[in-house]
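Below is one structure, written out as structure tokens, with a few remarks after it.
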């Protein structure tokens, strides 16, 4: 009797709710139409996800057709990729062009200079083209990873062109385009950065042949010392007369080999630059999230943008190719792996943007109108099809409004259907949806981190390095499984047989819980001024549009049509979310090959997949509540994950590296330096050693290093015998990034072959007692031989002694710490050789009463390090044999170094 009465009451309540809503189907109709879909329908969601991922991947890599010389008659003012390709071919054929090498200082520089003169000779009579060949020396302070460095350059080269504008008689304002033609050792640098220089040469040709001048002048800077790092750019902004005219710049870079040129940082502030980009560029590729990631310091790279911003105080835009970062700074960065469409797309965009900026009014106003310089922008392209930008303050308002509306509108709509009898159930199911999303997120993060830890523990780290599709099985499937399990468990734990909501309404309420989850995330991100919150805002906007259209079309009571509409809006959601997955995977997977071994790269990839997996499936997973069962879906996902594990751990598919035999090389990087260590005191050699220094560039490198070193032992750098007797362990210290952040290994060996007449010299010529507490030392540095060699000075004052002044700069930066010792670090790069000696002075302050040896006391230790980056013809047989032991899928950058340590 009691059970019968309860059933009657519930039926009456549901009937009343249906009458009140006017449009809600009866339970029986709902069951017939939608409830308990067949289990195999769950696979359709996975198919939809894969389909959208494939489409977004295609759009991320799509490039336009290239124009050739045959198209010149039909497009006389267009960028012609074939002409740029001819320039790139010559630059590529010079081979590696590190600063100081004959290929860079004499070959590439001379070729670019001749091409500039050709462009000048063929310029239209209306144009006025000026050229300058700048040879500069200078110094400036800079910091990497928080460690101060004094960067010194001698006789670096810049090739500069100025295309005069119409506004010559008024305020001089110019736009600058910058590329660098130097490369790292062992890489021809076709993409980094020869392709950019070829693009700039073609843009110079096109603009110089136009019958009418641009409104403002355009400066083209071809700099010859960027990889050193960033030195020639400093020489231009600090010493060239045309630098004073520059009001904005476009920096063309590369961290990959091909693909689209990404706008990855702009400004700082100066929103008018982003607005001009939006107006001008035909093929946009720009994301605020790229800017925030790069400026966070997580990416081990830097560009001339930093110099123009910090020392020139000029706003600008930074562009780079990021696809196929495996080839970046390797022997495979050649023209063979580039295509004409890459140059065409870059040229089209940069030419259009140059015209827009050079003919706009902002360049003339930016120096005097502070309003132009204020405000950050939120900017992004939508699948490369169109571009969106708005101010950061507008973005904050939009984000908060979307967050509030995405909650209020669907809640009001659903509560109106079930008012009085089901409102509490709607709220409770919304919380169930929130809990399921939170639990799914936590579980997926925990599981993928566990997987990452175990893969590294069994020695299978980076199994996805050459086969990124494995990531989908290793991490993508567990993410989806955890979200499905979480929602099913929450549904089971908080099921309410007495709920007045039918199943469709229950699922819709849980989807509101997903909106609540994103609201609780987007608002704190917005308040923290994290502009990348726009990624979530677009997802929330699409959910809100789905709700509005459901209401407008009256689909609230038509379950199948509501489901079809919901899934239709998931297509742009998935396209949007998978775009970022592709963008970041293509960026970070190759970067794991050069980020050192200190951090497990599996964690980075696992977290990336967990985050963007959540973006993809957050509005799909609650739909599992409509299925009769999820065992078939979870079983298939588990099978996919197991297959990925087997491929990654037990087959050659999971081997991280590939040589060029398959046309897609993805190599392991190794720096090996054959080193001579010499310690002097009072003009005599007191100790000497030699060996090979290996740099551990990725998580798997140490196994290869130990294998190559056998039967000798590769000792961790900080355990070297010389760490107890020599300043900074006597290692060839040339890079804060490599020596401080990365693990290095040492193997004893014979001395390298050194031609002493090619060594830059550092000789004491004078000691002067400025006062009772200040002593000044004068040294002469001479670099007479044209070769690629970098010098480093490591100056370590004794306890109680302080370096207070020097002739390098007006200021003395702080010290860096290594092996428990602190010292000033100076990096010196040579461009053109010079017979004239260069005198440098150092003044040390001390307390005479505390010196143990009185007036003859030693005040400081100095390590004079010279690293040869081009020494192949002088390598010893032992060094060649060592290099030959590396496998074919390894890229070895050999060098020879001499370390001289003296006390003064």
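For all residues, glycine too, the Cβ spot is worked out from N, Cα and C.
Quick caveat, the model's predicted, so the values are computed rather than measured.
TrEMBL lists transmembrane segment for one of the ranges 360-380, 507-527, 675-695, namely 507-527. Between the listed ranges 298-319, 320-341, 562-583, 716-737, TrEMBL ties the annotation transmembrane segment to 562-583. According to TrEMBL, the feature transmembrane segment maps to residues 533-555, out of the candidate ranges 234-256, 257-279, 533-555. The transmembrane segment annotation in TrEMBL falls on one of the ranges 382-409, 746-773, 774-801, 802-829, namely 382-409. Comparison of 382-409, 430-452, 562-583 by number of C-beta pairs under 8 angstroms to the transmembrane segment (507-527) places 430-452 first. Remark: the transmembrane segment (639-657) makes no contact with the transmembrane segment (533-555), by the rule of 3 or more CB pairs under 8 A. Away from its own ends, the transmembrane segment (603-627) comes close to residues 34-39, 41-42, 45, 48-49, 433, 436-437, 440-441, 444-445, 448-449, 451-453, 464, 471, 475-476, 479-480, 483-484, 487-488, 491, 503-504, 506-507, 510-511, 513-514, 517-518, 535-536, 539, 543, 563, 566, 570, 573-574, 577-578, 580-581, 584-585, 588-589, 592, 633 of its chain (Cβ-Cβ under 8 Å, at least six residues beyond either end). For the transmembrane segment (562-583), the partner stretch with the most Cβ pairs below 8 Å, chosen from 382-409, 430-452, 464-486, is 382-409. For the domain 'Endoplasmic reticulum metallopeptidase 1/1-A TM' (432-649), the predicted model reports an average pLDDT of 93. Counting residues 6+ beyond its ends, the transmembrane segment (430-452) has Cβ neighbours under 8 Å at 411, 474-475, 478-479, 482-487, 489-491, 494, 509-514, 516-517, 600, 602-603, 605-607, 609-610, 613-614, 618, 621-622 in the same chain.
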